[in-house]
C-alpha cells in the first residue's frame, strides 16, 4: 500500500531491537530491512524480478555513480530511477559524499562542499548539500540522504569533531534544499566517529533540525566490530524512538544481528552482491568459497534452507564449474543466493523480535555461523537417477 | 510429451520448407527450430528459466568444452547435462570435432582421430569417433552427433573429397559406437564443401549407414551466403524426407529463412548470444548497436513486437547505459532479447509454412530487415509521468 505520509510505525520491540513498518509513496517496507545496493541503476548481475523474488523491499542507488552516468537530469527525463531500473518500490539514494570522499587526490573538500574529478573521464564536478539534494530529487529517491563528510578512522578527536560539525551545518542546508513531497523522506546522518560525546552532539544537532529518519554514518570504516557496536550502544539510545534508524554500509550477517539488537532498522552493504561475483556464498553455516575443489562433485545445494534459483535447481558442483569457467551465470546465481540469504536472515530476525525471542534466535544464528559446512549426515547427497 | 521413439513427423510443407515435430525422450520440439548454444553447460548470461521463456525447445552443448571442464564422467556422475544445467528438454551435443579442428597447431589429425592439447591448461587429449560418442552418451545427449572433419573453405576439391571420405568412415564408426536408447538419436553429417557431387556422395554414404537425422556440415565457414544456399539447393533434395535436417552453425536471420526455404529444420549459432554480449540487438528492422549515443535518451523498447524482459520493462536508454557502464545486466537483458527474437522468427516462419504463406512471409521479413530502425512516427516515445 502506498502512503501519502512517510512514517515508520513500530510494531514490536524486543530489548532495544525493533520490528516495524516504513510507509512510503512507493509502498511499505518491513523493518529491520536490508537494502541491496543498485549502484548504477542495477543490482549487479540481477534482474529486478530476481531482486523482488528474494523478498527485498527497498533498494539503494548511488548518487555519485548516477550523476556521472547516465546523469541525474537524464534519469529524470526518463521518468526517474524507479522506472529506469524497473523498481517501483522504495529507493534510498546516498548523497554521493562517501564515494566522492574516497576519491583521494581527485577531490578537494572545502567548507561549502567538494569539488572532484570523475574517475571515468576526469571531468570536473561539484557536490554540495544543495546540489546533492537536487540530484536525489531528480532521481526520484523515496529517501534522500544528507550530504556529509565521513572521516576514516582512526582520526584525532578534534578532526572528527570539526568534520562532524561541518556535516551538521551541511545537514541544515540539505534540509533547506529538501522539497517535501507526500510519502517521501529525508534522513540526517549522525557522525562523530567513536567518540560518545560527539555522537550525542550530532544526534542533538540533527533532531533539532528534524528529519523523517536518522542514519548512523562513519562506522564500518576500519574501526572493527567491537568499536562499532560500542558506538551504537551510546548512540541509538539517544535517537528518536519514532523514526527509522539506518546503519550505513553495514555489513556481515553478524554485524546486522548485533546492530539490530542495538536498535537499528535499516542496512545496506555491497557484501552479498560483491561476494556473489567472487565465488563466496553466504549460508546459515558461514561462507563457502565455491572455487574450492572440494565442491567439484558435490551434488548438494548451497544450503538446505534456501529457495533461491541456485539452491532449488543447481548443485554446488554446477556453481563450482561456472566459476571455474568464468561464466556470467556464476555471479548471476550466487548473487541471487546471497541476497536471498540476507533477506531470509532479516525476516527471521524480524519474526524473532515479533515473537520476543530475539535473544534465543540470535544465539542460534551465531552458533550455526561458527559451525563448519553441513556434514553429509546433516545434508545427504541427493539420489541421482543414472544416465541411461 | 516424451516419446520412446525418436522420430520427426512432417506436419506441413510449403515448397521445400517443412514444418514438423521432433519426438524425443526429453519431450517434443517444433521445427523449424533454433537451438541456443549452451557451450559449457550454460547458455551464456541466461538462466534456463529465461531460455525457456523465449520458447526455445532444444539447446546445444559443446562436447569439446564439456569434456575438458567439468569432464564428461563428472557430468554423468552428476546425472547428465539435463540435470546439471537445469534443462529437462532435449539437448543436442556436437561431436567436439569442429572446436578441436579449430585449435590449429594444438591438434594433430590422423586417419583414426585427432590428438589435441587443451586450450586451457595444455593437457593432452584424444578424440576419435568412438570416444566422441561415448562422451556424448555420458553427457546424456538426446541427439548425438558423429565426429567429422570440417575443412575450411576454399579448399582444393581433392582435399575436400579426401576429408569427406574420412568423415564418412568416421560416421560408420560413430554409428557402431552409438548405443540405441528409446527416444534418443544420432545424426550423420553431410560433408563435401561446395562440390555438388561430393555432397551427393556424402548423403549416399550416410543414408547407407542410416541415422535418425542428418546434418549439413562444412558450411558457414567463409564461403558466403550465395554458395551456402546453392550448396543446400543441391544437397537437401537428396536427403531423406522423413528425417530432420540440421544446418550446423548457421546463422543470421536471413540465413535461417533462406535455409528453411531450402528444406532445413534445425539450426544452432552463437550469433544471438554473442551479439547479446557485444551490444548488438536483433530486431525485425535489422540490428541496433546499443553503444551508439543516439540511444542515450531513447525511452522506447528495442522492438515494439517483443515481449522479452528487456522490451517489456526497459528502455533503449537503460540498455545503452548498462553497456556504457559494463554492467552484467547488459548482456543478460540483450542475450534474452536476441534469443527471444530468434525464437519469434522461427515461430513466425513455422506458422507461415503451416499456412502455406512462406513466400509472402519471407518477402515481408526481408523487406523489414532492409529498413532502418522504426521512426518515431511508427513507434512513438512513451508518455512518461513526470518525477514529482
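Cβ atoms are placed via backbone N, Cα and C, with glycine included.
Straight from TrEMBL, the features:
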- A:16-365: domain 'tRNA-guanine(15) transglycosylase-like' (DOMAIN)
- A:94, A:95, A:96, A:97, A:98, A:148, A:191, A:218: substrate binding site (BINDING)
- A:94: active site, proton acceptor (ACT_SITE)
- A:249-255: region 'RNA binding' (REGION)
- A:273-277: region 'RNA binding' (REGION)
- A:306, A:308, A:311, A:337: Zn(2+) binding site (BINDING)
If you average per-residue pLDDT over the domain 'tRNA-guanine(15) transglycosylase-like' (A:16-365), what number do you get?
97
Determine how many residues of the region 'RNA binding' (A:273-277) DSSP places in helix, in strand and in coil.
5 helix, 0 strand, 0 coil
Could you check which of the binding-site residues (A:306, A:308, A:311, A:337) sits closest to residue A:148 (substrate binding site), going Cα to Cα?
A:337
Any idea of the Cα spread of the substrate site, A:94, A:95, A:96, A:97, A:98, A:148, A:191, A:218, as a max distance in Å?
16
Give me the Cα-Cα distance between residue A:97 (substrate binding site) and residue A:337 (Zn(2+) binding site), rounded to a whole Å.
30
Alpha-carbon spacing, residue A:95 (substrate binding site) to residue A:308 (Zn(2+) binding site), which is rounded to whole Å:
32
When you rank A:306, A:308, A:311, A:337 by Cα distance to residue A:94 (substrate binding site), which of the binding-site residues ends up on top as the closest?
A:337
According to DSSP, folded down to helix, strand and coil, what is residue A:148 (substrate binding site)?
coil
Any idea what DSSP makes of residue A:308 (Zn(2+) binding site), helix, strand or coil?
coil
To the nearest Å, how far is the Cα of residue A:98 (substrate binding site) from the Cα of residue A:306 (Zn(2+) binding site)?
33
Around residue A:218 (substrate binding site), how many other CB atoms lie within 10 A of its CB?
32
